[in-house]
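Copied over from Swiss-Prot:
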TRANSIT   1-24  transit peptide
REGION    34-69  region 'Disordered'
ACT_SITE  251  active site, schiff-base intermediate with substrate
BINDING   261, 281  5-aminolevulinate 1 binding site
BINDING   297  Mg(2+) binding site
ACT_SITE  312  active site, schiff-base intermediate with substrate
BINDING   338, 377  5-aminolevulinate 2 binding site
């Protein structure tokens, strides 16, 4: 039997032995940062090992070596042209009203305040807004007829914006919850059922009234079955063939909507003794656990005439954004919702993250996942950051 060679401290292992190879390899990566003349290498910390360069044909870091080169090979870019700015409107006073759960966001007083607010982001390239009116309680009813009042707050705001900025793209919200005393997107029966087809009749009237006011894009967010096709037919019947539909295709029953409902006082209102008002919107909005269901919704919306499909919320549902991007040729919108905005604001206010970097990273992720349009309350700030402002 061959005797094992004893490793003596300071003695070089026998050439060709397994141990000689191991020791040699270890030596390659553990020698201190000293050159052959005994002097330390310059430009690296003392103690940095001297190694034999790896024989790598591909080194991905070469394409990350400088900001200029990184920019030249960047796969997606974010532009203010991608942003749609949500605006909340009220007329309870002539003053803007801060929304406590959305720092930096106000309910804008109808009139000059709205014009002034929209003018600023336009100067940075944000030329799309979506209008959300806060309806006074005395105008809310169980059947939400205020939704299609031709002189309602939403309709007047659309006219105001189009008169002031003819080239502004004005999107609207098509749903009954801002006008419904029960706080739901559809009409609620006494038994607590959201009436699908009856609701659609009023959604069609709402969409037509918005188109008559000058809306460029109507956006059904209600999640009633068949509403896109019905709205398309209603618009075409009234001569609005050029008005687009951005469907909330995959709108999830999410916990991230809380601040938005604060802004419009539009949360469900259960607890009535004689009526079973659902405490949430889970019978019509999608289950957060579901992925394949989004394909079914997308196929239906595309077949019914949607021009744009939306995923809401955004960051927790990037897989669904990618799914729609890969299964449909239609533009995909992503809603960076109020809860996502509030979380970023809260963390930034406490110094837990760099707000600018985090927001622009989020916008980039929406684009990388396949989003063409981004509805975001950061529209003004992000456009300024993209322009180089601090």
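Cβ atoms here come from the backbone N, Cα and C positions, even for glycine.
These numbers come from a predicted model, not from an experiment.
Taking the features listed in Swiss-Prot, we show where each one sits on the structure.
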{"residue": "251", "record": "active site, schiff-base intermediate with substrate", "Cβ within 10 Å": "25"}
{"residue": "261", "record": "5-aminolevulinate 1 binding site", "Cβ within 10 Å": "15"}
{"residue": "281", "record": "5-aminolevulinate 1 binding site", "Cβ within 10 Å": "23"}
{"residue": "297", "record": "Mg(2+) binding site", "Cβ within 10 Å": "22"}
{"residue": "312", "record": "active site, schiff-base intermediate with substrate", "Cβ within 10 Å": "23"}
{"residue": "338", "record": "5-aminolevulinate 2 binding site", "Cβ within 10 Å": "23"}
{"residue": "377", "record": "5-aminolevulinate 2 binding site", "Cβ within 10 Å": "26"}
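Comparing CA positions across the binding-site residues 297, 338, 377, the one lying closest to residue 261 (5-aminolevulinate 1 binding site) turns out to be 338. Put simply, of the recorded positions 281, 312, 338, the one whose Cα is nearest the Cα of residue 251 (active site, schiff-base intermediate with substrate) is 312. On the backbone, the CA of residue 312 (active site, schiff-base intermediate with substrate) and the CA of residue 338 (5-aminolevulinate 2 binding site) stand 11 Å apart. For the residue listed as 'Mg(2+) binding site', the spatially nearest entry among the binding-site residues 281, 338, 377 is 281, judged by CA separation. Cα-Cα distance from residue 281 (5-aminolevulinate 1 binding site) to residue 338 (5-aminolevulinate 2 binding site): 17 Å (rounded to the nearest whole number).
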